[in-house]
Amino acid sequence: MLIPSKLSRPVRLDHTVVRERLLAKLSGANNFRLALITSPAGYGKTTLISQWAAGKNDIGWYSLDEGNNQQERFASYLIAAVQQATNGHCAICETMEQKRQYASLTSLFAQLFIELAEWHSPLYLVIDDYHLITNPVIHESMRFFIRHQPENLTLVVLSRNLPQLGIANLRVRDQLLEIGSQKLAFTHQEAKQFFDCRLSSPIEAAESSRICDDVSGWATALQLIALSARQNTHSAHKSARRLAGINASHLSDYLVDEVLDNVDLATRHFLLKSAILRSMNDALITRVTGEENGQMRLEEIERQGLFLQRMDDTGEWFCYHPLFGNFLRQRCQWELAAELPEIHRAAAESWMAQGFPSEAIHHALAAGDALMLRDILLNHAWSLFNHSELSLLEESLKALPWDSLLENPQLVLLQAWLMQSQHRYGEVNTLLARAEHEIKDIREGTMHAEFNALRAQVAINDGNQDEAERLAKLALEELPPGWFYSRIVATSVLGEVLHCKGELTRSLALVQQTEQMARQHDVWHYALWSLIQQSEILFAQGFLQTAWETQEKAFQLINEQHLEQLPMHEFLVRIRAQLLWTWARLDEAEASARSGIEVLSSYQPQQQLQCLAMLIQCSLARGDLDNARSQLNRLENLLGNGKYHSDWISNANKVRVIYWQMTGDKAAAANWLRHTAKPEFANNHFLQGQWRNIARAQILLGEFEPAEIVLEELNENARSLRLMSDLNRNLLLLNQLYWQAGRKSDAQRVLLDALKLANRTGFISHFVIEGEAMAQQLRQLIQLNTLPELEQHRAQRILREINQHHRHKFAHFDENFVERLLNHPEVPELIRTSPLTQREWQVLGLIYSGYSNEQIAGELEVAATTIKTHIRNLYQKLGVAHRQAAVQHAQKLLKMMGYGV
C-alpha cells in the first residue's frame, strides 16, 4: 500500500515569493530530457518546482525518503507517479510492478516506455530529494531511464548534490536544463518581497538587501530571520549577521536558540515527537503526540511558520522541511531519549491501523521492540514477501532474536524462503536443520511438511533428484489440503523429479495437476513453470505439435499476467526456438533465441549460454561456419567462466561437437572426449544428449565400435522410456556411424526408421545437420522411388534444406569452382574439349543435389522445357545416358576437387 503523501505535489502556500525569473527559465523544460535543480538544503527547490507545476495536469510527483533505496519500493512509487500523470495509461506496467513480475528496473522501464509511446502530449515526472538515493542499481536504472525516455517526457530531479545520472553527456548534447544554488539564491528584489509578506512592519530596501547579501540569498536563513523578527528576540539584521557564513550542517545551535527555545514546552514536545514521522496526518499525530485534534495542531504549526508543509491538495498529509525535520529528529534523540521507544511504538501502531505495515516495521525497528516486530511479521510478512520487500524482511528477521524465531516456526520458514529466493541454497538447509534440532515436536505435523516442501525445492535446484523426491512425497503426505502453496511446490518438485527420471507419463500428469492448482490459487510463476515442463515432456515423447500448443498456452499466460520479465520467460522462448529449429524454421528460431537473450539482458552473461547455443545451432543448420565459429568463441568463454547445470553443459557441448564434425577438427574432439563427463545413466533427454555428444565425437575419431555400443544402449533406453525424440536423434547418428563405417545396408535401414519416426516428430533440421552424407543417402532413396508417400515428401524437403544451406560446400558449380576444375590436371578430356556452359554446370549441380526437373526449373526461374534442353546438352557433353550416371559423374568431379562426398 502506497503512502498518498509521497505522490502528492506540495501545495503552493500563501505568502511565498513567486520566482518569476526561474519560472521563465523552466517554461521551456519540455524541450529537455532532464531538468536538474540542485542546491544545499533550504534554497527553495521544492517550492520553486511546486510553483512551476501549478496548473499542469500531465505531471507526476514522487517525494523520496530514506526508505526508497530499495529497488522494489522505488519502482512502486515511480510507476504510481507516472500513472498519476497519465491518468492510468500504463496499466500493463502497473500490473507488472504490483505483482513484481519484472526482471529488473531497466526492464520495467523498457515496458513503461513501450506504453508511453502511445502518449503524445507533454509529460513531466518530478523526483524530489534524489540525494537520498545511494543504491547504485537505482542510479544505473535511472541513467537507462534518461537515455531511453520518450521525447515528450521531461524528468525533473531535485537534489542536494549532483546525482549520478550521466549529467555530463546530457549537458554536451544540450538535453539538460540546470538550476543551481547560485540561481536559486534570492535576489535583493525577491528578499524585499519575502520580508514584506512575512513581517508586519516592512523593512527598508537597503536593509533588506544587506540582509540578503549577509546570507547569500539563502531562503531558509531569510525564513529564520523573519521568524526571529516576529518573535522579537533579535532585530532582523542581528539575526542575519549571526546566520552569515553558516550552512545547513551548522544550524543546530541556531535552531535551538531561535526556534525551539522560543516556543512553549507543549509545542516543543509536539515538534520533537511528530518529527519521527516521515509523513503525518491527523490520526498519526493524535496517536504519537497525544494531541486530541491532530489536524488542528498541524495547521497551527504551519501558521507559525515552523517549517511544516502540506503534501497534498486536501491538506490531509504534512511533512517537515527536510532540514528542520532532520534537526528535530536529532534533538528528539537527545531530549526525549527515554520516551523515544514508546513514541516509535505509537507510530507503528498507528501506521498498522492505517494499513501500512512497511512503515510500521520501520518504527518497530527504531523502537527496538522485538515483540511488536514479531507480531507485524506474523500478520504481514508473507504479503511483503510476495511483493518482493526482501531487503526490509531480511533486516526485520535479523532484528528478531533466535528464540523468537524458534517460538514462531512460520518465521523460520519465511527466512528460509527468503534465502531460497536469493539462491542461497546451502543456507536454507542449515537454517532448517538448526530449527528442527531446537524446536520441540517440529519433526511432525504441518510445519515440518512445509519445511520438507521447501527442502524438496532446494534439492531439485541442486540436482539431487532422490532427496527431492523423498522430501516432496513426505510433504504431500503430511500437508493438509488447505496448505495450497506448499502443496503446489511439492507437487511441482515431484513432477520434475519424475521428468528427470524418464517417467514421462507420470510426470506429465503431475505437472498438469500443478498447473491446475497454481491457476486456482493465482500462483502464476508455478503455473508458467508447469506449462514449460509439460512442453518439454511432450517434446521428449515426440508430440511436438502438442508441445507447440502447450507453449501457446504459456505465452497466453505470460501476456495475461504480465510475466514477460520473469527469467522463466527466457526458458519458454528458448524451447520454442528449439521446436522451430527442429522444423527447419531457422529465421524464427533465431529470432526466438535472440528474444530470450533480451529477456536476460539484466542478468549475468552466463545466463545466456543456452540461447547462445541455440543461435550457434541455427548457424550450423545453415552451414554458416564462420558465424558459428564467432559465436562459439563467446560460448566457450562463458563455459570457462561459470558454473552450470549438467544439461546446460550438454547443450553447449552439442554445438561444439557438431562444429568439429563439420570442420573435421579431430584434435578438438579427442581433447574434449578425454575430459568430458560420462554420466552413469541415460534415462532422460538431458543425459541422452550428453551420451550422444560422446558418440558423435567417437564417430568423428573413427571409434565406431564404442560409439555403436553407446548408441545401441541409448536406443534401448529411449524405447523403454518412450523418449521418441531422442530415439529419432539416436537413429540419425547411428545412420552416420554405419555410413562412415561402410555398412550401407545398415545405414539405409536405420535411416528408413528415422524417416518413419519423423512423421511423428516432424524432424527436419536434425537430418539437415548431417550434411552431404545424409543428402547422398536421401538422393538414392528418392531415386529408388520405394519410400511411402509421407517419407518421400519429407526426404525431398530435407534434401531441399540441405541444398539450400549446404550446397556451396559440395554441389554448387559456380564460376570459380568451374575455373579451378577445368585447370585441374586430372579433368576428363571430354569436359575440356566440349565444356559445359555456366547454366549447364548449375543444372548439373542441382541434379546431383537431388532436384527434379520441375524443382530445377523453379530454382533457376526458367521453363521446364528449357531445363530439358539443358539436361540433354549436358548429358551429351558428359557422355552419359541417364540421371544416375550424371550424378555419379558429378560425384567423381567433386572427389577429384577434394570434397569428401
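Cβ atoms here come from the backbone N, Cα and C positions, even for glycine.
Which of 533-552, 593-612, 813-832, 853-872 counts as DNA-binding region depends on Swiss-Prot, and there it is 853-872. Within 10 Å of the C-beta atom of THR46 (ATP binding site) sit 20 other C-beta atoms, taking all shown protein chains into account. Broken down with DSSP, the domain 'HTH luxR-type' (829-894) shows 51 helix, 0 strand, 15 coil. Taking each of the binding-site residues PRO40, GLY44 in turn and counting other Cβ atoms within 10 Å of its Cβ gives the largest count for GLY44. The Cβ of TYR43 (ATP binding site) lies under 8 Å from the Cβ of SER181, LEU184, ALA185, TRP218, ALA219, THR220, each of which sits 6+ residues away along the same chain.
Neighbour counts were taken as the number of other C-beta atoms within 10 angstroms of each residue's C-beta; across the binding-site residues SER39, ALA41, GLY42, LYS45, the minimum falls on ALA41.
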